[in-house]
């Protein structure tokens, strides 16, 4: 067991800095009591209290974060290998950890350990160069044909597989040099993006794979450098390598599961899912699907005060919308009988007791590491009192069941956490059968074990709870899943906290849980995002254990544009219209112009739009004075109305204040002039006005990208602008909710649920990426 550090934080920062951690990493480490204690012990074992080489120190730090808890008796040996430079390094350290985890209960076979983990194996630069040369010669014809479009990553992977203990940097440098020698520097053709395939390819997954029915492909080539997320290559252990307290536990588990991967997505039904949950779904469902396993949708419904059927239904709908298919929908509440019996068994084994302290007394005791005065009751007394709790003989808060861990433990989660509390509330699934409900810390791990979960994947804030998770399962003698934590998804310009979202809704800062300015999946759906776009974001960012990483909202928008570009039918809309009269076009004439549904996909067909003597253009597409950077219309200037005719401005009509009210133009039906600037427009049948619709232009809800503690004062007052009477062409007629369009030169829009038979309503999903350049040209 780790001991509590006996030196203060400043001294710890100094100690950790002496082994090579930078100051910020050293300070961050001291905030994690378990990691800090582990690292302090390892430094002592290594004899590095006065410092060491940075390369050694970083290996010791990695050891503190990753060393398997079941193999503590071998830790000092591995520390000695590192401290005395016995050929354990960053290349083979993970192999060492994996070996010790598998053989934790055995005496260390040094020869087998060193052979299995590459200890003492040295791959020279010359060996790397020879392996690269052999590969290049073997694949020379393909390389010469495809040049820099050849999968260079495949070369690196194959060389690494053949030279397992080689330095990855050496491999990369030798491959780069060999490719340059064979092909020479990149030409302009080499730098061009590869041709798009006829059918989209499945994105390369990092520890997961997209579970939606379709995918948009790999975004890597088009992501700007400043938006590229840091991915980590994650390799989870096989179910058969999951060390248990007894071989029988593992054998029984493997017999039940057939050795397959079993994961779960376990939301609490106390609100609507947000985009952070999309990442959790993507990892859990995707990892199981990729490996031929299964994933449960499990509701952790242990708090009846905050849960209701509306949230359950919404969560099921969101999971299906994202394309995930749970093997079964389960509820922690369906295990209440089993959990109750396990609690009694916990009492019988001396690991739980009924406590009557108040919440503040419990908090103080855990902080000061002092025992509850009720901690040493007899088993018989605790069993009777727990039964009295179940029978409703206590008021809420007057009695709780606590797990008897270790009140002196440096990890606060081991200090007698609550297992059961009294709540006289109706439960959406179990009704009024129970008045005692298990806590998350008690329920989560036990239901994982009951459902034979192989990989319990949680966000990093639960890392501190891993010790309690394993402890509770072990003292009850149950099967123990692998627990692995990853960084949660953080997104700029928005909040993902359920508490904060509730505040926004209740204070009517937004219009409900599906307001398009929120981060809920319902909100993104209403805003027009597709499940494929959200899954593409999850696939693009992958998984990482680096906490505090925030993903730019722009990357999400990039994923959305990438997906909608090939799906959204084009239409034209004018938000701030100027009337344009084509003076040489017959007054009573109307015609229909053919326009492509999706210009890049001719197979998607065309649609017809009305054209007559009166058309409308955007006010921002006209200027009294022209310049070379302006794409729009000006006096005496000729431009092209997209898909229609060239027009030339002959006359400008203004009101008393100088505001332009009407333009008179002439058109060239033969479009004699070529390569003119092009603008969008809207018209209608002669003698009628174009269709009108309400358009809602959404911006970020918060002014700053990083949302601080003063978040309510950071609300963007201009996060919603409504265009009540925009002109839109007839393409959108007969549309239904969630139908998506690209309004040409403007952005992507979706039909909102507020649409009626009298008036359509559109929400802006995302602007076109060229909007920034366009706005510059109009200034």
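Each Cβ is built from the backbone N, Cα and C atoms, and glycine gets one as well.
As the structure is a computational prediction, the values presented were derived from the model and not from experiment.
The ATP binding site annotation in Swiss-Prot covers 268-270, 274-280, 459, 488-489, 496-498 and rests on similarity to another entry. For residue 277 (ATP binding site), the same-chain residues lying six or more positions away in sequence with a CB closer than 8 A to its CB are 265, 267, 318, 521.
Cβ neighbour count for residue 440 (L-glutamine binding site): 17 (other Cβ atoms within 10 Å of its Cβ, all protein chains included). What Swiss-Prot lists as L-glutamine binding site is 300, 440.
When the binding-site residues 268, 275, 279, 459, 489, 497 are screened for a Cα within 10 A of the Cα of residue 300 (L-glutamine binding site), the ones that qualify are 268. Around the Cβ of residue 279 (ATP binding site), the same chain contributes 488, 489, 538, 541, 543, each under 8 angstroms and 6 or more positions distant in sequence. Long-range Cβ neighbours of residue 459 (ATP binding site) (same chain, at least 6 residues apart, Cβ-Cβ under 8 Å): 280, 485, 486, 487, 488. Ranked by Cα separation from residue 440 (L-glutamine binding site), the binding-site residues 268, 270, 275 are led by 268.
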